[in-house]
Amino acid sequence: MSDQVVHSFRWTQSLRRGLSNWTCPVKADVLNDTRALLSGLDFAKVASVQRMMRRDKRDESDLTSLRDLNKEVDSLMTMKSTQKNMFLKVGSLSKGELMELSGDLNKLKDKVQRTERPPGSGGQYQGNLTTTQLTRRGELLQFIGIQKAGRVGMNGVVKVWDVKDSSLMINQFGSMPALTISCMAEQGGETLNDVVQGLTDLGLLYTAKYPNLNDLEALSEKHPCLKVITQEESQINISGYNLSLSAAVKAGACLIDGGNMLETIKIDTSTFTTVIKTLLEVKARERMFVSSVPGQRNPYENILYKLCLSGEGWPYIASRSQIKGRAWDNTVVEFDSAPPRAPVPVRNGGAPLLGPLRPELEDQVRKGVEGLSPNLTTWIDIEGPPNDPVELAIYQPETQKYLHCYRRPNDIKSFKDQSKYCHGILLKDVENARPGLISTIIRYLPKSMVFTAQGEDDIKRLFDMHGRQDLKIVDVKLSAEQSRVFEELVWKKFEHLCDRHKGIVIKSKKKGSKPASTNAHCALMDCIMFNAVLVGFVADEKPKRLLPIDILFREPDTTVVL
């Protein structure tokens, strides 16, 4: 694919849009870490490492100095990635998606290794050969005609690490916004506020284009603090202590509100597979690929590597120097699906568990429910009757967190009537909804939790059927007209959160009443619009999904054990 064109910034913009659900405000966290570094870091050691990184040749003691300082920085920061190796199996992703991911990781591995060891040059790292051996090898390559005399590496500089254990270099490079900002303020003699203002403008420019050295020079006239940023072209494996343009741009991306900047993505084990699935979808739409050409990573390669390095934390901006292994080591693709769990024996008087979830899926649901705060306002709504619900939504407006899932109905005739006059869900769109989700969610809800609802009868019956008489419901009792004041605005803002209400909904023809809305009723949208009626506005903040998308539906050929 070396002849294909990388539309770098267009890809970046597409990734920003596609992965916007996992971007979050990080400015406060970054500045808190910045202040911690300013007060606790020895900048004499920082200056020493910066001098070392400017040298063409480095040895074991230099690597030890870099690793020690990285460990000190990591201990002062709260934004750090933790070692969470991920194991992806059929079920969390389809077999085709797993094969695509595995292939891309292998291609990326080959590219990175070729980039670090460019043929015929000293490269960034050349195994555990000594400097003398490297020099002698270069002479031999010239003698047999493979390498031209006087040839050096890319950018005209040979960077050599003369170390025995190359694994100690892994994850010791790369910039962190908190470190970049603290170095600019402390070593540049600038106030923290001036640095933040300058980098914010650089970040705003980054929403429209990749800032280059000419842009940096122009912005430096307005913000003199930016003059400490190096005017050199980007290189492979430069230290996070070097004030490069790319490091400054990354810091700027974290200081602006909005923009869906990739740098602000945060993942954890419950959202990892969903993020990967979405990434592959964006890749397909934009025809992204892993290039075979050695050198800097393109936007898709970059985010793929960062996501797969660790399943928990901020892939772009956190301290990751304590992570062991690389992306292809820490994200393992397994093509053999786990055997289904044997059904639990039914005791006398007990109700059978229909469509039980596998332990790992049940654990993800439990973690999702634990993401709710028991003491906050919590809306709940269902579509379908309480004895045969087809959709459940639970929404907390203060945190914008929500649980949302579907269920295949048992009574198909009744379902089709409700679809025509109410929710607009088509049977084919919930045919493969994973059984057991609604029951599992209700089972793990905190004891005596209070819910807010528009109409309590159906919700109470649903809770009672699951033996949860301890759960309490507050009925707001809005009129039909009141409840839908914000309907159009809510659908306009958040329709991307729900794509299962595709059917045509027919207006009501009851005598003496106005025709009902022709918009389909969605449990999640209803929760958001009911809350908007009570507070008087629709929040701009993006709702945050607590259940991974990939567990909501199963593969069509999956057998359900009853």
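Glycine is no exception: its Cβ is also placed from the backbone N, Cα and C atoms.
Annotated features in Swiss-Prot:
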BINDING   Asp381, Glu383, Asp526  Mn(2+) binding site
BINDING   Glu391, Cys498, His501, Cys522  Zn(2+) binding site
REGION    53-238  region 'Binding site for the cap structure m7GTP'
SITE      Asp458  site 'Important for exonuclease activity'
Rounded distance in angstrom between the Cα atoms of Asp381 (Mn(2+) binding site) and Glu391 (Zn(2+) binding site): 8
Largest tally of Cβ atoms lying within 10 Å of a Cβ, found at which of the recorded positions Glu383, Asp458: Glu383
CB contacts for Glu391 (Zn(2+) binding site) [other CB atoms within 10 A, all chains]: 25
Distance check against Glu383 (Mn(2+) binding site) for the binding-site residues Glu391, Cys498, His501, keeping those with Cα within 10 Å: Glu391
Secondary structure at Cys522 (Zn(2+) binding site), reduced by DSSP to three states: coil
Candidates Glu391, Cys498, His501, Cys522, Asp526 (binding-site residues) - the one closest to Asp458 (site 'Important for exonuclease activity') by CA: Glu391
Residues within 8 Å of the Asp381, Glu383, Asp526 Cβ centre (excluding the Mn(2+) site residues themselves): Ile382, Glu391, Ala393, His423, His521, Cys522, Ala523, Leu524, Met525, Cys527
Residues satisfying Cβ distance under 8 Å from Cys498 (Zn(2+) binding site), sequence separation of at least 6: His404, Cys522, Leu524, Met525
His501 (Zn(2+) binding site) to Asp526 (Mn(2+) binding site) - Cα separation in whole Å: 13
For Asp458 (site 'Important for exonuclease activity'): DSSP state (helix, strand, coil): helix
Rounded to the nearest Å - Cα separation of Asp526 (Mn(2+) binding site) and Glu391 (Zn(2+) binding site): 12
Listed in sequence order, residues not in Glu391, Cys498, His501, Cys522 with Cβ within 8 Å of the centre of the Zn(2+) site Cβ atoms: Glu383, Ala393, His423, Gly424, Ile425, Arg500, Ala520, His521, Ala523, Leu524, Met525
Neighbour count (Cβ, 10 Å) for Asp381 (Mn(2+) binding site): 25
